[in-house]
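Asker: This structure is in structure tokens; I'll ask about it shortly.
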């Protein structure tokens, strides 16, 4: 039998989620989802957290894994979010969807045009319905297209067509569209035909026919595709085809894209008629395919998108647009950037048949590079569908069970997003599949196309598994179209086209159009004029929302964070909120927002808050209460609103600010409660003297009262008030207590209606008011109902006594059992008690004992035995013991084969002399087998052993030999197990060398590598540097017995390296180093040479080395040379050269050529050559110049450092005086800056001072200056004032000096005068001419001159900015301004009024600022009104000044005033005018002078004084005069309360009463008493009293903790602190404690009498403080203090101490222990399996007793092996990990009682 783990199944998983639904009120709403799971899940529907149940309108249809919710007659209340929750044993899943219920559409008038918005689709009988819809068509350009639709409906609907969402008259070129209205067949419905004459390519699109009437709207669409007809080939084959496109005039734009990325081209073309667009690549037209998408975006642009670009996509892309008016082109050059890391072998396009497989294969550069597969943008994970294989660097993707949707672009991507792309073509009935997904904006048209292989076939369109209506489907030949016009969110889903077994699917996603929410209301205001009401006003949002909207008003109580909705208002701009609208009294904030179908605006909060009080009504009033003496009396009433109220008792108001209070010391106590609308008054423990009391309740609008009646009762039960249910375990102590209202009153106990009788097992006790029934050791038979009965009243106790719970010790976990047919199966369950009865269940049914199932019970062990198991006996078994269960899963396997192992052929590889064991496992231990080798039965011998052990059969070869190789069979019946043994020799070992060998040799020396093996015939392989060597003349391999040699007869340096002798299982390593021969210089023979060369010249130093491959180094003067253009190194064969192409004298020196072993020296000297003139090569021609012209003489020498001498006519030339001598490298230059006649002559440049040195001569000739003359004359000019005047003339020569004169005076350049020289031209410019600039202008050059006259005309002074009419208020300053075209002199303009010059007035001022002239009138008067003008000699402008009387306004406004009650308030304001008469008002009522009202007016100041103010005078105070009204707030507050006399210091004795008193200034005021700065709260010892203006604090039974400082606080006033001192009371013990001896379980009483009554004592037992509760009761009767201890225990023994102040009394408590006995003993014998744990358990007579566990008489100590437990009276010993050595006798010692258990260990 073998154990395993079970399968937990799979949790629920949603294959299709429910989708949101929008329905009209009254229609059906249906939600559907598909959910799977193992086991099949249970599905429930919820809404608002509540599970839904089926009803008349609600049902839950199910169809396999599909679950639905069907809602009939949907109502607005049904709207909300519905949750589908699926559960099974493996988990839980849920999905949600929203249901929106719309109001039914209201009838609308018939629209006038197609621009009207469409109404919501109707569902009534008269709504439009398409009888015949338009059909999609595919036509060639120039053909005629006819689209027809026929619609029924009442009234007859109006029809109109749209193209791509636009009305036909909005289409750019619709002149060839023709509409033909008509009637349908049989005169049924209306029809409208759209005829398109000579269709053009731009006519392609979606055409939608709309039908509308008063009941609703319907629409149907069709797709029209117009194709370009194919061009016919030319008739003349020799004729070259015409180019498709015109050549580009300019260079195209360039676009780069990384390989594998997308490229997007967009062009925007305009024209009329609308152009036709074609895309071309390198002159070839492009058609859309998998990687080339062509479409038109929403902005009208034409887009070409190339997906996953490859190298073959590079080229020139052209967008060609043409219409009847012409054509235009736009081009871009696409470059595809290839990555550095590339696929070694990229993907190739593949084809496959539907339902077949295809394989994509590529190769990466490195096998360790990870890759990922994609189908377009979707990552593919390995699965049965997509098998991904990696073999080294090869990557394969195998696509199984091809479908039409598998057609597409596939990518393999490695790191760096490097991709290789391939197309997968799926051949099948569907040629062109649907796109993976389609995104459409809400309201747009959705078009889906499918092309099939065969024409005329009928396909099926569906959405989310539901067939779509025929009106939106069209087919034409091979093409099938689905047109969904005006899609909504409900149209979203999975669209499928099915054709036989083929199908293609797309995900239609509808994107919602974003609508902006409405704006918030504006100008919100709050008015609180009326009591308990508030008026809220606002204005509509700006701009107003386009759709209908409402206002939502919300409130928030001050101090709370929650806003609660008050009203929803449609059109009102104001609302009054009364107090009845709030639930509780308080201050409230308000806010408002605008709500429409597009959302909600931000909230706007009204400033301030309003105090509102709900109007309460009495819902349930007070009722008279009758109770018994000592009981609580409860008075309650319910109100209609949450409001505060006051309780009264006999006319005295009860304090409601404290939860508990007392009417007066020693009198009735009460508690006030308020929960929501309910108010309660609880009078606690009422006495007979309180009978007849009158209880009242009062709040605004409600007053009620009731009477209290106390009834006398002989006795009643204080506790328990209700029936008590108790549960105990056997042997546990049970105590039932009933407390009566009277002491020592008799009571009788009953059980199940029968009077009980006292015995040892049932004890009845009475102590004062308490009556007890005790069951010392309860048994199961003691269960029942107990009753304590007295004087007609009873207390009931339900007692249940149960056995202790049973625990399953073994197994602790789920057990899985595997067995075969006829095998015996045992299921064992061990419990912790022997007397426990267990029940066995199989697959939920209780099993019964039979021949095939045996049940065994032995002590705590319970077994279920299947003697001969069958497959049908398998299943889930449970062993149930009490509340615990043990689980077993049994699997019985039928035997189809005798041989269990091995199930396949076994191959065994062994070496000679090794031990080989062949094992075969059978399903039956008694089966006999037959062993054969190579077909012959084997014979057992010392060399071949046959073994048998249970079901195992073995063949053993102790020392296998080579001849033992072969096929061995273990045969039984018709079966056999095959073993193939292959015996080989033991591995070869290398004896020598054991370590790595290192050899050093010289070139041509013989090198021998030797290796000795452990076997002579063992083959070896030799390797050098990892490569196997090949024998040759230079490398010889030898074999001599066990020795193997590798010989290098004449080793070379390249023969060095690492050699390995590989003998298969062992290797030897040799490191050989061959040193090369010495490197020698063969030529020249001499080691030092002297060489001489001319400079500059070519120098080459040469030597030959041996061997030819030797490396050399060159040095110059001890430093290694560096290669450059001036020094070159060469090597050819044995020759080594150093070359100086252009040697200079400085290159002379010692040159050394050095090899590793030798060197040769070259002493190089360089002699300079004589200097030669290199340029010019011949004597230069004479140089002729004019005076002033620069002269440059230049020559080039053969040596840059050569010195030259210049001479002029034989005289040396010196630098300076206009001569400059320069040297630039080999060039020598003489420069004459400005030649004159003295510079004429021969200039000579001589190289060196020695006679006969080379020289070069230059002949320079300077011509005489020509005469200066004027070539052109000046021209007279006439200009306007402010313009520029330009005079120009020409002179010869061009550099002649010219002087300008005006009116005979020489002029110079300045801001107004500008002089310009340009060659021979001379110009004078006079800027901004003035009248004074007129005159004669002269230009003088040498002796010649020319003159011209300048005339300046005056410019008209015109107004550019004219006067504007002005309106002003009396007393303001007025400014009139004009702007002139030019800046005139002062006085050129004048101001007039009424046609006359301005009068002299100090209030009138004029000013000029450049072009601006300004008239200012200060403090304008009514008399200043009139027409004002400004005029010049050439222009005039007028304007009207209107003056209105001065407006009355406030200079200093009214201010809010706050005063205390009885005080006075002064309001004052200052106006802008004097002598104004106004009215004062308060709260809207006009005020008149009186004793409390004083009104004053002084000049512009107005004052109001109000005196003797009260709280009711708070409100608004206003002043009104003419059109002016201003207001302020008057706030009257209560006079603050003050403390007239504070509390005084007190000193009291402990236990006495302390009284503090303070006196206030007012009678009605609340006082807070504080102690040490902390507020005091009411308690039984603390009382507060109010006597007029006096406030008392009474502190009863003072103790030391009451000492401290006390003060009273009222408002902001605080009294001086008063100190309370508490003196300790002298206490003495009058009667000492007495010691007590008692037996365990009994009680003990201690009494102590002290000298003082009001004293608190403290009890201790054994040093521990005692507190009442449980087994301890403490009470005080006057001076006597009593301690009662019940149910004594041995640990209670100790010293009892009572202490009261300094007094103390001690006594001794002795508790005699009862003998400890065993109630339940452990079993005499217990059997435990090995490695399990054993539990021994014993129950003793009382808890707390000591139990000792021993083994073989030795006490056991707790630890890892042994664990002791105690639970009440039960003691356990747990032995962990039981071993055979743990077997023996275990003893338990409890007091004088003991018990033994024999522990037996079963198993190996």
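A Cβ is built for glycine as well, from the same backbone N, Cα and C atoms used for every other residue.
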Asker: For the feature region 'Interaction with TTN' as recorded in Swiss-Prot, pick the matching range from 75-84, 85-94, 95-104.
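Answerer: From Swiss-Prot, the annotated region 'Interaction with TTN' range turns out to be 85-94.
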Asker: According to Swiss-Prot, region 'Disordered' applies to one of these ranges: 181-203, 204-226, 227-249, 250-272. Which one is it?
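Answerer: Per Swiss-Prot, the stretch marked region 'Disordered' is 227-249.
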Asker: Give the mean pLDDT for the domain 'Fibronectin type-III' (517-615) on the 0 to 100 scale.
Answerer: 85
Asker: On the DSSP side of things, how many residues of the region 'Interaction with TTN' (85-94) fall into helix, strand and coil, could you say?
Answerer: 0 helix, 8 strand, 2 coil
Asker: Looking only at residues six or more beyond either end of the region 'Interaction with TTN' (85-94), which have a C-beta under 8 A from one in the stretch?
Answerer: 8-14, 35, 37-46, 67
Asker: May I have the DSSP-based helix, strand and coil counts for the residues of the domain 'Fibronectin type-III' (517-615)?
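Answerer: Split into helix, strand and coil, the domain 'Fibronectin type-III' (517-615) gives 3 helix, 52 strand, 44 coil.
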Asker: For the domain 'Ig-like 13' (1625-1694), what does DSSP give as the number of helix, strand and coil residues?
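Answerer: Helix, strand and coil residues of the domain 'Ig-like 13' (1625-1694) number 3 helix, 34 strand, 33 coil.
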Asker: Please list, for the domain 'Ig-like 2' (128-225), how many residues fall into helix, strand and coil according to DSSP.
Answerer: 9 helix, 57 strand, 32 coil
